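Colleague: Handing you this structure, nothing more for now.
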Amino acid sequence: MNYLVNYCKISFYFLMSISLSLFLISLKFLLMDLVYFIEWEILSLQSMSIVMTFLFDWMSLMFMSFVLLISSLVIFYSNQYMEEDYNINRFILLVLMFVMSMMMLIISPNLISILLGWDGLGLVSYCLVIYFQNVKSYNAGMLTALSNRIGDVALLLAIAWMLNYGSWNYIFYLDMMKNNIEMMIIGGLVMLAAMTKSAQIPFSSWLPAAMAAPTPVSALVHSSTLVTAGVYLLIRFNDVLMNWWMAQFLLLVSGLTMFMAGLGANFEFDLKKIIALSTLSQLGLMMSILSMGFYKLAFFHLLTHALFKALLFMCAGSIIHNMKNSQDIRMMGSLSMSMPLTCSCFNVANLALCGMPFLAGFYSKDLILEMVMLSYVNVFSFFLFFFSTGLTVCYSFRLVYYSMTGDFNSSSLHPLNDSGWTMLFSICFLTVMAVIGGSMLSWLMFLNPAMICLPLEMKLLTLFVCIVGGLMGYLISDVKLFFTNKALYFYNFTNFVGSMWFMPVISTLGVINYPLKLGLYSYKSFDQGWSEFFGGQMVYFQLKNYSLYLQEFQSNSLKIYLLSYMLWFIILLMLVVLVN
């Protein structure tokens, strides 16, 4: 076991040191406005050369530093969380492969090398989702892999289309993509790929299903790697989104995703799925502000969200670990008494998610909402932004109400306490980052902050929405023994909203089961029904009837001759009468 512990610690120290180094280098690149474009010639054969390209700027270096920071803390956290697992060695290697794939995607200005990282993420995520080998995990892994395959196909088509232009380095063609109609096809395909990876409507169903993976994987995947890959790719292709119809389409889809995830989380009782739906809501927020042209704001929220979302998952993992793998929040309650440190960190992460002033989420989320108020958006988009913000606060307060207040609803013989120092170290480190990360990044990234001049009512609108959302979260979860749950009064609505607008059913049964049933009905109606009746069997029966009819003629020859003689005699008689 000591060998495995050291294995985790070596990975932790190695990744943490690289993360700090990259962060300092990214600050230098940011302040001096440096960009390094590196070409590495892998193979040169006569007139042919294979060249690998890397793009290092402040954005890629800073994102890599955050990915490595969270990865190192997740691996250190896994040292205790997965201590009873025999295959922890394999688990750490899979996580490292996952991080390597993400690195490849971040520093690539070339669609081919992006596809390597993109496919690497898809493949390793499948291996991690099915890590706990049971039927539910296999189904979730298959749904994750097949949903992401659509994006892979879109990227392959974009690569094929770029053959028309002589290079796969998309970064040279971004200006061309804004005006050239044929290059807009590449932008559309990349947008489709990003929508599948970042789980936008109609590809949202795989993200909550991926919660079948171990909790440390969820902390890594849903904070800074897999789901943010699509957002990061669109940040790189942000010039393409200046095309008005693509931007309008993305704004509508991402706004609806944000709204759908916020509503769904208010009717969910699985702890990890609630946090997964909050990730989906924040991804919709990033995509929508990106479609409005504020790519730096989207990147800023991407980084701050990575900090508090990883913290949320780690605290949830600690709670699940102590609850003996129970994830139902109705079984929890009064956890703040038995796990005070974990619950304190959990509440800090929740408040950062809600946009509580001076925490990490406030600096990015409040800025995004103020820029929305300054921009020219219609009432529907405005409603989606602010209503979704209220829903975020609503499900966060509901989650705290169910899990941390009231009475303990599980076995009374179940001792609970804070986890060991290994898990608590990662949790406390990220708590500090969730408190100071937003202000630190805002001072570093926006050297000349924009002047935002708004009336007092609009300035206070965000705070008002958060307060109303918190009150609603308390009221809808206030359930007593003599007071039924209000959701039961609207069962059909609850069923529709709680199942993510039936998207998991449509994505699985809708793609496989219903077409198969349609084929079965067609087979019975046409192949075994009308076509068989009018086709093969009908021809056989008709020929058989004609044959029998003709045989009747042959067997009754005397009668037929007499009948024909009489007919012809009558006809001749009539002709004679007519002539005379």
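Placed from the backbone N, Cα and C atoms, the Cβ positions cover glycine too.
Sharing the record's features from Swiss-Prot:
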TRANSMEM  12-32  transmembrane segment
TRANSMEM  50-70  transmembrane segment
TRANSMEM  92-112  transmembrane segment
TRANSMEM  183-203  transmembrane segment
TRANSMEM  215-235  transmembrane segment
TRANSMEM  244-264  transmembrane segment
TRANSMEM  274-293  transmembrane segment
TRANSMEM  298-320  transmembrane segment
TRANSMEM  367-387  transmembrane segment
TRANSMEM  427-447  transmembrane segment
TRANSMEM  463-483  transmembrane segment
TRANSMEM  560-580  transmembrane segment
Colleague: Can you name the far-off residues of the same chain, 6+ from the ends of the transmembrane segment (92-112), with a Cβ under 8 Å from a Cβ of it?
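Modeller: That would be 7-8, 11, 15, 37, 52-56, 60, 63-64, 67-68, 71, 74-75, 78, 118, 120-121, 124-125, 127-128, 131, 155, 158-159, 162, 168-171, 216-217, 220-221, 224-226, 229, 232-233, 236.
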Colleague: Using a Cβ cut-off of under 8 Å, list the residues of the same chain at least 6 residues beyond the transmembrane segment (298-320) that approach it.
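Modeller: Hits for the transmembrane segment (298-320): 59, 62-63, 66-67, 70, 73-74, 77, 81, 215-216, 218-220, 222-224, 228, 231-232, 235, 271-272, 275, 278-279, 282, 285-287, 289-290, 326-327, 332, 335, 339, 342-343, 345-346, 348-350, 352-353, 359-361, 363-365, 367-368, 403, 418-419, 423-424, 426-427, 430-431, 433-434, 437-438, 441-442, 445-446.
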Colleague: How about long-range neighbours of the transmembrane segment (427-447): same chain, 6 or more residues beyond its ends, C-beta under 8 Å?
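Modeller: Here the qualifying positions are 27, 30, 70, 73, 77, 296, 299-300, 303-304, 307-308, 310-311, 314-315, 318, 341-342, 344-345, 348-349, 352, 358-364, 367.
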Colleague: With pairs restricted to those 6 or more apart in sequence, evaluate whether the transmembrane segment (367-387) and the transmembrane segment (12-32) have 3+ C-beta pairs under 8 Å.
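Modeller: No, the stretches stay apart by this measure.
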Colleague: Need a quick answer: max count of Cβ pairs under 8 Å to the transmembrane segment (12-32), which of 50-70, 183-203, 215-235, 560-580 is it?
Modeller: 50-70
Colleague: Can you tell me which parts of the same chain pack against the transmembrane segment (183-203), counting only residues 6+ beyond its ends and a CB-CB cutoff under 8 A?
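Modeller: For the transmembrane segment (183-203), the nonlocal Cβ contacts are 118, 121, 147-148, 150-152, 154-155, 157-158, 161-162, 165, 170, 173, 176-177, 226-231, 233-234, 237, 240-241, 243, 246, 250, 253-254, 256-257, 260, 280, 283-284, 286-287, 503, 506-507.
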Colleague: Do any residues, 6 or more residues outside the transmembrane segment (215-235), come within under 8 Å Cβ-to-Cβ of it, and if so which ones?
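Modeller: The answer is 59, 63, 66-67, 70-71, 74-75, 77-78, 81-82, 95, 98-99, 102, 105-106, 114, 117-118, 121, 125, 128-129, 131, 151, 190-191, 193-200, 207, 241, 272, 275-276, 279, 283, 286-287, 290, 295, 298-299, 302, 305-307, 309-310, 313-314, 316-317, 320-321.
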